[in-house]
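As structure tokens, the structure follows; a few thoughts come after it.
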Amino acid sequence: MGGAMSIYLGVNIDHIATLRQARKTRYPSPVEAALAAETAGADSITLHLREDRRHIQDADVTILRQTLKTKMNLEMAVTEEMLGIALETRPSDVCLVPEKREELTTEGGLDVAGQQAKMRDACARLGDAGIRVSLFIDADFAQLDAAHAAGAPVVEIHTGHYADAASDAARAAEFERIRRAVAYGRSLGLTVNAGHGLTYHNVQPIAALPGIHELNIGHAIVAQALFVGWKEAVAEMKRLMVAAAG
């Protein structure tokens, strides 16, 4: 992409919607949060329309598609319903994620290698509509090869195992896996993003990795916003990332 920026921040607004849905109120508004995040330095807005609609609702997607000034990164499962919504809404980016993510925390990313035809079909349909497709995968060479073969121009490396590591040694091992995966993905010509579980305390090593394009971060920013305010929480994360990326 070039430009002066060395790394980009995608702010995930799912948990603004979680807070709203807890009481089925009209506030806090994910749309308002997204627009404020943009003014605070977010380079894109990420939202996950789940099949159970537990946080983001269809109306949020529709309104945000019309109002965002940056780009929308719509996370979704690889189902006919979701593909239909994406093709109708036409966000700039779609990130395909595991169907039941909460039950797959140990596995993390999509098994692209195990469902190559399905992934190739989804990538082709979205790509033909002018949507840039990203696949959310583990830091695994076989999955990177499969993502490349499926025709996805972008991958998002799952950083959850790194974030959740119980010891320094385990974290160092996970970090090395991610580092190698980023380098390998770049060698295949893929744009490599990363996300899941990133916080103000663990983001900088990932942001400093050569070849990382964008980090998608949500929960940590929403939590920090309780204490410092939403715009400051977004700006603070962006500052940490840019400082690390040099």
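Placement of Cβ uses the backbone N, Cα and C atoms for every residue, glycine included.
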Further binder of 3-amino-2-oxopropyl phosphate named by Swiss-Prot next to Asn12, Arg23, Gly218, His219, taken from the candidates Gly41, Gly197, Gly211, Gly229: Gly197
Cβ neighbour count (within 10 Å, all chains shown) around His55 (1-deoxy-D-xylulose 5-phosphate binding site): 21
Surrounding CB atoms that lie within 10 Å of the CB of Arg23 (3-amino-2-oxopropyl phosphate binding site), all protein chains: 8
Distance, His196 (active site, proton donor) to Glu156 (site 'Transition state stabilizer') (CA atoms, angstrom): 9
Listed recorded positions among Asn12, Asp14, His55, Glu75, His196, Gly197 whose Cα sits within 10 Å of His48 (active site, proton acceptor): Asn12, Asp14, His55, Glu75
